[in-house]
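Q: Per TrEMBL, the features are:
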DOMAIN    399-632  domain 'ABC transporter'
TRANSMEM  113-136  transmembrane segment
TRANSMEM  156-184  transmembrane segment
TRANSMEM  196-218  transmembrane segment
TRANSMEM  230-251  transmembrane segment
TRANSMEM  263-280  transmembrane segment
TRANSMEM  319-340  transmembrane segment
Amino acid sequence: MGTFETTLTVFPFCSPSDFTDYVLTQAEEEGGSFNERCVVGAAFRGSSKYTEVTAYFNNAGYHTPATALMLVDNALFKHLAGPNASIQTGNYPMPRNMSETAQSQLREGRTGFIIAINLMYGMASLSSTFALLLVTESSIKSKHVQQVSGVYLSNFWFSALLWDLINFLLPCLLMLVVFQAFGVKAFTDNCHLVDVLLLLLLYGWAVVPLMYLLSFLFSSAATAYTRLTIFNIISGTATFLSVTILAIPELQMKHLSYLLDKVFLIFPNYCLGMSFSQFYQNYEFITFCNSSPPFSLMACEILNITFQPNYFSMSEPGVGRFAVAFAIQGLVFIILLFVIEMQCVRTLRRFVTSLFRRHKQFAHTEDAALLPEDRDVAEERKRVLECQPVVESMVGSPLVMQELSKVYSSGSTLLAVDRLSLAVGKGECFGLLGFNGAGKTTTFKMLTGDETVTSGDAYIDGYSILRDIKKVQQRIGYCPQFDAVLDHMTGRETLSMYSRLRGIPERYVSGCVENVLRSLLLEPHADKLVRSYSGGNKRKLSAGMALIGGPPVIFLDEPSTGMDPVARRLLWDAVTRTRESGKAIIITSHSMEECEALCTRLAVMVNGQFKCLGSPQHLKSKFGSGYTLLAKVHIEAELEDSDLQLFKDFIESTFPGSQLKDEHQGMVHYHLTDKTLSWAQVFGTLEAAKEKYQIEDYCVSQISLEQVFLSFAQFQHCIECGKK
Ligand SMILES: Nc1ncnc2c1ncn2[C@@H]1O[C@H](COP(=O)(O)OP(=O)(O)OP(=O)(O)O)[C@@H](O)[C@H]1O
């Protein structure tokens with residue numbers, strides 16, 4: 001019994017309509033609060049002999065009629081018996097009969113329903129987090145670099161699954177604590193916590209691989225998280241609600257509900273909601289039907305309440321079929337994961353598209369064959385193609401490319417790499433030079449298995465990239481164009497992981513890591529998280545990941561971008577040492593200085609083709625005729641132009657055909673184009689003219705690699721503009 005407190009307001013009313021008007025006016029003025037404040041009222045009318053009392057109650061309250069009557073009676077009693085008189089009123093509901101209790105038990109299922117809905121919402125956002133790291137690893141190419149470093153697909157996925165399930169166990173245990181703390185008997189009585197934990201873990205087994213599968217659809221972690229959460233909510237809550245609502249007998253759609261229940265068994269989130277809801281309901285039914293046998297059992301029979309003593313029974317309301325569904329879902333999702341990862345679909349698609357593309361490709365190849373090819377490139381092609389079978393004849397060449405081509409056909413068709421043939425020997429560093437969009441990165445991507453090959457083949461250590469990509473990947477180191485490093489690891493951890501992936505015995509791992517850290521000047525940052533690294537240090541780490549363990553073939557895609565001059569030279573030293581130890585290195589760079597310092601041979605790539613090939617000196621001699629002259633002439637302030645002009649006239653008359661490339665503050669840069677000139681002639685002439693033209697300093701050199709490279713600029717067509 002509760003205490004009833006209210007403010008007594010007394011107004012003189014003459015008729016019942018006065019009271020009604022008062023209530024209506026007050027309700028209008030006060031709005032919603034009037035309804036809460038004013039729950040009962042009473043009107044006393046009449047003379048001293050005869051008084052009519054009317055009690056009013058606000059029907060929003062459950063007990064207001066009785067309260068209104070109690071107050072009126074109290075007032076009358078006080079009036080007649082004195083101020084100390086009072087009537088105490090109590091509320092003692094009659095015990096419910098069996099039928100009412102049964103009806104109530106049936107409705108109790110609502111608690112299970114609410115728990116299930118809340119659980120599904122929570123799990124929807126929790127399970128989508130399992131895709132985050134995978135999406136990040138794929139988008140930054142870290143997964144690819146790990147594969148290239150020797151990770152087996154099965155190891156990658158099962159270790160991820162194991163780790164995620166261990167992580168998933170923690171929130172599950174927390175959930176059990178919550179059930180225990182809030183006394184949710186259905187989930188805590190009779191060792192049910194174990195059953196609930198089993199259900200949650202089975203859900204984890206099913207949903208984690210599903211998130212892995214769906215992670216392939218996204219390239220950004222944030223987008224993946226939002227969309228997967230929405231997917232989980234829809235595939236859980238929406239399906240659960242529709243089946244539950246359609247099962248209401250009054251709707252007469254039980255058959256549809258039954259059918260949908262079977263269909264939705266493919267969704268782990270639906271199974272989670274249903275299993276928890278039904279587990280709860282089953283507990284309630286069991287409790288009621290066994291409460292006072294045999295009457296309760298009879299009531300259950302009459303009201304058609306069925307329960308399953310075994311909670312994991314396959315029949316309703318047992319949750320056995322959901323447990324089985326979880327187990328099968330997990331298995332199927334893992335199989336699908338491997339089907340996708342083993343590129344079965346990709347291979348099939350490539351086969352189908354190649355059928356359609358064949359005609360187009362032949363047309364292109366015929367066109368290309370008409371174009372004249374550089375003699376060195378043609379000889380390299382002949383050398384490579386003549387060696388059949390490649391595996392036996394090219395033992396000295398860890399990398400052999402045979403007519404390797406790549407056509408991108410997203411939107412318009414683009415020939416990114418055009419029939420490259422090349423053999424790179426042990427202890428050789430081969431440079432791929434080319435303008436932006438020439439096809440260097442695409443070549444690397446094909447060689448490392450990141451892109452499919454349109455035609456041709458390549459062999460690494462004798463293994464074909466088409467047939468034995470796994471074996472190929474175990475034999476290469478790859479530093480991609482953009483850093484594929486994981487932010488949440490330290491530099492030392494990253495290098496240790498890659499050295500283990502390369503199969504370095506555990507006792508040598510720390511020595512190897514220290515070597516790389518020291519050689520790339522990364523020691524001061526070794527134990528910092530990669531997310532705090534500068535761009536240059538990340539680049540050093542990427543290069544270190546490719547070099548560690550000394551794989552036979554190493555691909556470095558613009559490794560020194562963003563490095564300071566000291567770090568760059570240290571990298572060059574590390575690359576040179578690796579090359580001298582007998583490894584084949586293929587490097588791309590936009591720094592001619594770097595190519596001259598590192599490469600034993602190089603090729604300039606234009607529109608996916610090699611335009612020239614050979615050692616830096618060979619290319620300079622072949623394509624860079626003449627000399628470069630840099631001279632500094634002493635000039636008086638007032639005679640500036642005439643002094644310099646005299647010298648320029650002298651050069652142009654002495655070396656006919658010379659081209660002035662640059663001129664600045666008395667410094668001139670000439671290209672002496674005459675091929676017949678000898679070093680002695682050029683030096684002799686300049687020494688003789690030194691005093692007459694007040695030459696302070698001069699330098700004569702061969703044409704630089706950069707000038708050779710620039711001479712191919714005219715051939716690179718603008719793909720985006722679609723013109724040559
Ligand atoms: N996934 C892709 N889909 C379609 N076209 C692509 C794709 N990747 C690259 N390309 C195109 O292929 C051509 C070669 O690109 P690639 O990245 O290999 O050039 P690159 O020589 O490495 O250039 P950079 O020096 O700028 O790195 C470019 O025209 C590019 O636009």
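Glycine is no exception: its Cβ is also placed from the backbone N, Cα and C atoms.
Caution: TrEMBL annotation is automatic and unverified by curators.
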Q: So if I exclude everything within five residues of the ends of the transmembrane segment (263-280), which remaining residues of that chain have a CB under 8 angstroms from its CBs? That is, six or more out.
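A: Apart from its flanks, the transmembrane segment (263-280) reaches 109, 111-113, 115-117, 119-120, 123-124, 127, 186-187, 192, 195-196, 199, 203, 206-207, 210, 232-233, 235-237, 239-240, 243-244, 311, 316-319, 321-323, 325-326, 329.
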Q: Counting Cβ pairs closer than 8 Å, which of 113-136, 196-218, 230-251 has the most of them with the transmembrane segment (319-340)?
A: 196-218
Q: Which sequence positions outside the transmembrane segment (113-136), separated from its termini by at least 6 residues, show Cβ-Cβ distances below 8 Å to it?
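A: Residues 142-143, 160, 164, 168, 171, 175, 184, 203-204, 207-208, 210-212, 214-215, 218-221, 224-225, 228-229, 231-233, 236-237, 240-241, 244, 269, 272-274, 276-277, 280, 486 contact the transmembrane segment (113-136) from elsewhere in the chain.
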